[in-house]
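A quick write-up on the structure given underneath.
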Amino acid sequence: MAAAAAASSWWAGRMSAAFGAPFLWLVCLIYFVQGFRSFVWTAVSYQMKDMMKLSPSTSQFLVSVAYFPWSIKPIYGPEFAGDLQSLSWSSMAVGGIFGSLLGGYALSNLPINVIYIIFSALPLFQLVSCIFVEESPKEFENMVDNIVHDRADDQSIDTAFAGKGSGESFKYEGTRRRKGAHKKNKRRSFAKRYDAHENHNKSISSRPYLSLKSAFFSLCTAFKQPAILRPMAWFFISNAAIPNISTVMFYYQTEVLHLEASFLGTARVIGWFSLMLGTYIYNRYLKHKKLRNILMFAHVGLAIITVLDILLVSQLHIQYGIADKYMVLWGSALADAINQFKMMPFLILSGQLCPPGIEGTLFALFMSINNLSNTLGSFLGAALTSALNISSVQFDNLALGLGVQLIGTLLPIGFLFLIPREVTGLAP
C-alpha cells in the first residue's frame, strides 16, 4: 500500500509539474462533465418521447445530429499527452456514475426544466475555470524583455552623461562624441528590434492560417501511408456498418416493458462500472494479445449482446423465468465492457501510428474518424427504423431490425486483414 501510494504521489507530482494544477483540474472537470451528461440524457430522451411526441426514427436522427460536432475535432482539438488518458477516462467514469445515479431520481422528483438548469451549472463552472489556465507565447515575452532591457541601458547612459559637470564637457569632448555615437548605434539597434517586433506581430496574425495549412498538408501526407490508412479504414467500417438503434430500444423498454427512469439510471451505472472493469481486464490480461484477436473477440461479444436483445424483444426469455430487468441489466453491463475492449486497442494503435511532429493533430483526426463512423451508424439506425415502420406504438419489426444489426456487427470481422498482423495491445 505504501509503495502504491508513493507511486501515485510521484505520478501526480510529475503530471502537475508538466501541465500545471489549473490545467489538470480543467481536464478532470471537462471529462467529468462529459460523463455527467447521463444526468440530463435520461430527461432528454423522455422529453423527445413523451413531451415532443417524436417517433423513434426522428429521435435517433436528432441524436445523430447532436453528436456530429465530435467528428470535426482536427479543426479545434487540443494536444493531450498520453499520460492524461487514464486521468481523463477516470474522471469521465466518475461523472457517468454520479450522473446516472442522480439522473433517474431527478427525473422522478424534479421538472425537466429544473434538471436542465442544474446541469447547465457544470458547463458554466467549466467555462469559469478556463480563466485560471494561463497561456502566453514565450517568444513574445522574451522579445519584450530584451527591448525593455535595452531601453534601460540607454536610459542609464543618458543619466550618466547628464550627471557630468559642464566644466568637464570640454575636457572629455572626444569621449562624449564616442559615447554619443554609441548611443545612436544603440538607438538604431532598438529601432531595428522594434521593427522586428512589429513584423513578429504581423506574423502572429497570419500564423493561424499558416499553421492550419501546414497541419493539413502534414495530415494528408501521413494519412496516405498504408500503415495508417488501412487500420483507420477498419475502425471506420467497424462502426459505420452497425446500425445504432439504441433510441428505439429505449422506446421499447419504456413503452412495452414499462421500465422506470430510476431503473434505467441504475442500468447505466452498472454500465459505467463495467467500462472501468473492462479497462482493468484489458490492461491485466489482453494487452499482450494480438490486436486482430482482441477485435474479433470484441465483435463476437457485441453480436452476443445483440442476440440477447433479440431474445428480449421476442420475449423468449420469459419461458426460462428470466425477468425483463435482468436482461436489460446484463445487456447494458456486457455491452459497455466489451466496447471498452474495442476502444482501448483503438487508442493504443492510434498512438503507435502517429508520426513525430503532428501527434496531437493526427490523433484528433483518428478520434474524429471514430466519432464520424459512430454518427453514420446512428444515421443508418434512424433510416433502418423508418424503413421498418417502427414507431412508439409499433414494434413488430424490431426483432428484424436487431437481426440487421447483428449482421452489421459480424461484418467487420471479414475485414480484419486491414489490421497489421503482428501488432499487439501494448503501448509503444
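Cβ coordinates come from backbone N, Cα and C, glycine included.
The following features are taken from TrEMBL:
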TRANSMEM  87-108  transmembrane segment
TRANSMEM  114-133  transmembrane segment
TRANSMEM  233-252  transmembrane segment
TRANSMEM  264-282  transmembrane segment
TRANSMEM  294-316  transmembrane segment
TRANSMEM  361-386  transmembrane segment
TRANSMEM  398-419  transmembrane segment
With Cβ-Cβ distances below 8 Å as the criterion, list the same-chain residues six or more beyond the ends of the transmembrane segment (233-252) that contact it, or say none. 45, 49, 56-57, 59-60, 63, 264, 295, 299, 302, 309, 313, 342, 346, 369-370, 372-374, 376-378, 380-381, 383-385, 390, 392, 395, 398, 401-402, 404-405, 408-409, 411-412, 415-416, 418-419
Short question: which residues 6 or more past the ends of the transmembrane segment (264-282) have a Cβ under 8 Å from it? 35, 38, 42, 89-90, 93, 96-97, 100-105, 107, 250, 253-254, 294, 328-329, 332-341, 344, 425
State the non-local partners of the transmembrane segment (114-133) in its own chain: residues 6+ outside its ends, Cβ under 8 Å from one of its Cβ atoms. 20, 22-23, 25-26, 29-30, 32-33, 36-37, 39-40, 43, 103, 106-107
